[in-house]
Each structure stands twice: as structure tokens, then as C-alpha cells.
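Undergrad: I'd like to ask some things about the structure below.
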Amino acid sequence: MVGLSRPRAMAGRDRLIEVASLMTRNPAFLPWFIIPAALTALGLIVAMFAVMQFSVRAYIPGSLDVGGLTLANFTGLFKSLYAEAFMTTVALSAKTAVFGLLMSYPLAYGFIRARTTLMKSTIMIIAISPLFLGEVVRTYSWIIVLGNSGFLNSLLLGLGIIHTPFQFMFTQIGVVVALVHVTMPIMVLMLAAALSHIDPDYEKAATSLGAGPIRTLLTVTIPLSIPGIVSSLATAFAWTFSAFATPQLIGGGRVSTVATLVYQLGFSSMNFPFAAALSIAGLILTVVLLMAIKRMTRVLRALGEQ
């Protein structure tokens with residue numbers, strides 16, 4: 001593959017260098033880049049410290065006040081109810097990320113390889129259309145679609161595939177379907193960005209050597225887009241792990257996740273210390289899993305370079 005044109009990723013890198021050069025030549029621009037980021041980071045840090053401070057305080061039933069320092073909130077997380085909620089949340093997040101990837105990758109690939117502006121625009125509108133509505137509105141739309149008398153059951157009954165309505169609502173299946181719809185737009189955009197950095201000459205070279213479209217996709221395109229794949233999976237996983245509205249409305253209280261339990265503890269039981277401890281534990285678990293995914297990415301890259 002000697003003589004191939006420079007990957008388009010270099011063009012993006014050159015633009016970043018130009019921005020950095022502009023900031024160096026004109027120091028007046030620097031605060032406009034730093035201040036918003038610093039304020040955002042400061043807000044997140046303050047909020048995190050507030051949650052951590054609540055998590056080690058004793059709960060006083062019937063009162064919004066908190067007691068002295070205690071670790072009872074964290075030891076209580078090992079009860080079966082909360083352990084099951086963690087496992088359910090991890091399972092839902094993993095399923096959503098995987099199925100979201102299977103749905104998003106073809107759209108992203110079609111967008112990048114489309115030859116006409118009309119086709120590109122059509123694919124992108126389909127991909128990002130869920131962003132035009134809020135999460136609650138999208139979730140209520142899925143309630144209409146997935147209900148026992150909804151569109152999907154009516155279609156399956158009409159085709160004779162099922163003879164009685166399938167229970168999509170209040171199950172993990174329905175929650176995953178709705179969450180995939182929520183996470184698809186960001187996954188498509190991330191995958192499209194990764195695929196746009198792959199030089200088409202690599203695929204042309206594989207084709208000239210006798211590889212068919214499927215083999216080229218499996219041996220060239222997908223391996224080169226692994227960083228984007230892993231990033232989109234990690235983003236979808238983290239997004240789903242903290243999702244509240246969709247599991248609450250589609251699950252109907254029968255699918256307990258970390259976010260729904262935090263809501264119940266905080267606003268039903270007024271047990272804000274335990275809710276804070278549950279939030280901290282969820283954050284730690286998410287960070288650990290994302291670090292494992294990052295480590296896996298490095299291993300896959302190393303194997304691909306061998």
C-alpha cells in the first residue's frame with residue numbers, strides 16, 4: 001500500500017494545529033476557550049463533592065436533615081436489592097450498546113460511502129431524527145408503539161407471527177428497544193467521524209487484490225474503525241447506565257436500575273444519603289468498566305498491528 005494518499009485524519013489534525021497556532025499568535029482568544037471549560041469542570045467538581053459529603057452522612061427518617069459521619073450507606077449497597085439493580089443496569093447498558101452498534105454502523109457506513117448529497121442527507125436525517133424530540137417525548141412514543149394494543153403488536157398479529165400480544169412493556173426488552181433509539185444518534189455521529197478518517201484507497205487496494213465487499217468490510221474497514229467502535233460503545237454504555245426517564249416509564253417500576261432506585265430513595269423515601277452513596281457506587285462502577293474497555297482497545301490495536 002505504498003504510495004497511498006495521506007489519510008483524511010491528517011486533515012483534521014492540521015485544522016487542530018491551525019487553531020492552536022491561532023491561539024498562540026492571539027493570546028486574547030485563549031480565555032474564551034479556557035473559561036467555559038474551567039467553569040464546567042468547576043461545577044462538576046463542586047457537585048461531586050456535595051454528593052460525596054451526603055453519602056457518608058447518617059439518614060434521619062422523616063427529616064431532610066442528616067446525621068453524623070457513617071459508612072452504613074455503602075455497606076447497605078451489598079443487599080440483594082441493590083446488587084440486582086447494579087447487575088440489571090450493567091446488562092441493560094451492555095445490550096443497548098451492542099444492539100445500538102449493530103443498528104448504527106450500517107447507517108454511518110452508508111452515510112460516509114453515499115455518492116450523492118441527497119442520499120447523505122436522507123441517511124443523516126434518519127440517524128439524528130430522535131434528537132429532534134426530548135427523551136420523555138420519545139419514550140412516550142415508544143409506549144404507544146410497544147403497548148399490547150400498540151403498532152408493533154398490531155403488526156405482528158396482523159402478519160400472523162404471534163397470536164396473542166407480546167409483552168414489550170414493563171420488560172427489559174422494551175427498555176432496551178427504547179434506549180437503543182435514544183443512543184443511536186450519538187453512536188452514528190461518532191462512527192461516521194471514525195469512518196471518515198479511513199482513506200478509501202485502503203478499500204480500493206483490498207478490492208484490487210481480489211477481496212469482495214464483505215471481506216473488505218470485515219478485514220479492512222471494521223478493523224480500522226475499531227477506535228470509533230469502542231468509543232461509541234463506551235459512550236452508549238455510560239449514557240444508558242445513567243438513564244432514568246426511559247427505564248422508569250417503559251419499565252414501569254418492574255425494571256429496577258441504579259438511576260430509578262436513586263430517584264425512589266431521594267424523592268420517595270427522602271433518604272438522600274443512601275441515594276448519594278448509590279450514585280457514587282454507580283459512578284465508580286462506570287469508570288472501572290470504561291477503563292476496562294479502554295484497556296481492551298489497546299490490546300485489540302496491538303493485536304491488529306502484529
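Glycine is no exception: its Cβ is also placed from the backbone N, Cα and C atoms.
Remember, TrEMBL labels are computer predictions, not curated facts.
Annotations for this protein, taken from TrEMBL, read as follows:
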{"type": "TRANSMEM", "residues": "29-51", "note": "transmembrane segment"}
{"type": "TRANSMEM", "residues": "85-105", "note": "transmembrane segment"}
{"type": "DOMAIN", "residues": "86-293", "note": "domain 'ABC transmembrane type-1'"}
{"type": "TRANSMEM", "residues": "140-162", "note": "transmembrane segment"}
{"type": "TRANSMEM", "residues": "174-198", "note": "transmembrane segment"}
{"type": "TRANSMEM", "residues": "218-242", "note": "transmembrane segment"}
{"type": "TRANSMEM", "residues": "272-293", "note": "transmembrane segment"}
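Describe each of these features in terms of where it is and what it packs against.
TA: Counting residues 6+ beyond its ends, the transmembrane segment (85-105) has Cβ neighbours under 8 Å at 127, 172, 175-176, 179-180, 183-184, 187-188, 191, 229, 232-234, 236-238, 240-241, 247, 255-261, 281-282, 285, 289 in the same chain.
Long-range contacts of the transmembrane segment (140-162) within its own chain (CB-CB distance under 8 A, at least 6 residues past either end) are made by residues 133, 168-169, 174, 177-178, 181, 246, 249-250.
With a cut-off of 8 Å between Cβ atoms, the residues of this chain six or more beyond the transmembrane segment (218-242) that come close are 89-90, 92-94, 96-98, 100-101, 104-105, 109, 179, 182-183, 186-187, 190-191, 193-195, 198, 202-203, 206, 211, 258-259, 282, 285-286, 289-290, 293-294, 296-297, 300-301, 304.
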Undergrad: So what's near the transmembrane segment (174-198) in sequence-distant terms, Cβ-Cβ under 8 Å and 6+ beyond its ends?
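TA: Residues 7-9, 12, 92, 95-97, 99-101, 103-105, 107-109, 111-112, 127-131, 135, 138-139, 142, 146, 168, 221, 224-225, 227-229, 231-232, 235-236, 239-240, 243, 246-247, 250-251, 255.
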